Amino acid sequence: MTSIKTGDADAITVDGEHVYQAGLLNYGLRPIIAEKHKKECCYAVAVVKSDANFNINDLQGKSSCHCVYQSPGGWNIPIGRLVAQNKIPWDGPDDMPLEKAVSQFFSSSCIPGISKALYPNLCQACQGDCSRSQNEKSYGDGAFQCLKNGHGQVAFVCQDAIPLSERQNYQLLCMDGSRKNVENYKDCYLAKEPARAVIGRMDADSQPIIKALSQDPDLFSSDAFGGKDLMFSDSASGLVELSKSTDSFLYLKEDYYEAIRALRAGNTPAPSQDRKIEWCTVGHAEQQKCDNLQIPSLECRRASSVEECIKKIMRKEADALAVDGGQVYIAGKCGLVPVMVEQNDQQNCETGGEAASYYVVAVVRKGSGVTWNSLQGRKSCHTGLNRNAGWKVPDSAICDNFFSKGCAPGADPQSNMCELCKGSGKAVGDESKCKASSGEIYYGYDGAFRCLAEKTGEVAFIKHTIDLKSGDFELICPESPDTSVKHSDFENCNLAKVPAHAVITREDARNDVVNFLKQAQVSSLQFSVDFPLFKSEGERNLLFSDSTKCLQENTQPLKEFLTQKYIDMIERTYVTDFQQYLMNSRSKQMDLVKC
């Protein structure tokens, strides 16, 4: 890895643990290509007999069976996760060897390959010599037999070590304290072993490497060299190019990343009693508003885009931000959850009425002659790339109709969808043009409407709550393809009804974020008109939509919150480079890149 960092080499194939190491500051490398496998990868699980009366929080003092020392399913993932969750007390290598901490946690174990002389009770449950060989009956898949025969109370193995014929007699321990049947392992696992990956420098171009490798027909065979898994795994069936936005954290995913970190560093520091919520802001104007709120329990963390905010929240560099439904969907792919929802109906705030939603509408200037059937070749105004009203819904509805030019902040700066953007309006040195932030005057709902009002574009895709009091504007829609209708008829002439904006966060930060926002609203004297959280001085829709009257807690799972109909619509639309990676890594890699 040092040779790659210094430029003396370009790439090497490594396992997940070394992908983690490569991403640390002393190397600064990233995964650029991943192996693809036909066999399903290892979901590391904790297995118990169905009649066992304990969960993941009750493991201390139990006896354990492990497939092998320092293997993903038997040691690295389960022990790493238990340390990361502070279930196994260990302050790091300066405190004591990790093996000693494990020996103090379990009453007895069988961990083939560990030192029997140094840690005798970690071999006490074994039925052989505790070696990493067939001389130990509990080695490998034998860890399940160790559990079955009553030598241990829990087994740490990969999901495929549990025989299909016996799965009805066993259950899995989930990290949230629940238990599930074995067939539900994809909803109840400790972490998933990532496929081996090729790592390179941050600025590496993977295309020449893939081109060179593709010329070797025996790339995934080591027979001719008398070895095993040389350069690549012999079981690999292909290679997958990774997006340039992929780093070690995104590739490994949080659960595995945290497990490997904990194996090196020890327990995660307990949150302080006066922990502050770190809100992610997009652009200078949002950062300024966040700072001006002067809430003692709030800190502001600036990012250049919503995508960067999502990454920061995943990495625990920030806690929350409010996004639209399309971005909630992407955040969900990253394991984030919607916990609070904007409500723009005061009565529903007071009565706890139905969840807020809004209509996506297509607005044109009255008398312009623009209709739904004549959109192709027109100039368009969008709230932003992959935003609900400005991109996702219109794109799903329009399909094969194309615009001649437009403004869709966040799009490729060289594309026609940035041609109409104006940036901040500065004469020279303006770097804000087409940026997905408040620095672009055509960004967001009000920005897209301004783009239309200033006659820069011929149609704007926004939400119906934008104030269209002027009789100078009308709506167009597929239901009235050859004409336009009054702007007040949005219930009958719209592109879709979609969920309101929601606050996203990590599951482990849910309670902190919800409690902070509830307390902030109570302190504001029941949502008075002067409540600064929902006002944007000199700007519009900073941090939250200006039309928001209150925030209501959401307890629905992601699919129920968004609805399957909306998800189906989202999945038909275009994706950014960041989203393409996430969809590859969190869906395609789940199905195709198997270790």
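Cβ from N, Cα, C; glycine included.
Just so you know, TrEMBL annotations never went through curation; they're auto-generated.
The structure displayed is predicted, hence computed values, not measured ones.
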According to TrEMBL, the disulfide involving C65 connects it to which residue among C130, C146, C158, C174?
C146
DSSP state at C421 (disulfide bond), helix/strand/coil
coil
Can you count the other CB atoms that lie within 10 A of the CB of C418 (disulfide bond)?
22
Consider the recorded positions D15, G74, C174, C418, C493 and say which one has the Cα lying nearest the Cα of C130 (disulfide bond).
G74
From C126, C407, C451 (disulfide-bonded residues), the ones whose CA sits within 10 A of C146 (disulfide bond) are C126
Residue among the disulfide-bonded residues C126, C188, C407 whose Cβ has the most other Cβ atoms within 10 Å
C407
For C110 (disulfide bond), the nonlocal same-chain Cβ neighbours (under 8 Å, six or more residues apart) come out as S64, C65, H66, L122, C123, Q124, A125, C126, Q127, C130, E136, S138, A143, C146, H151, G152
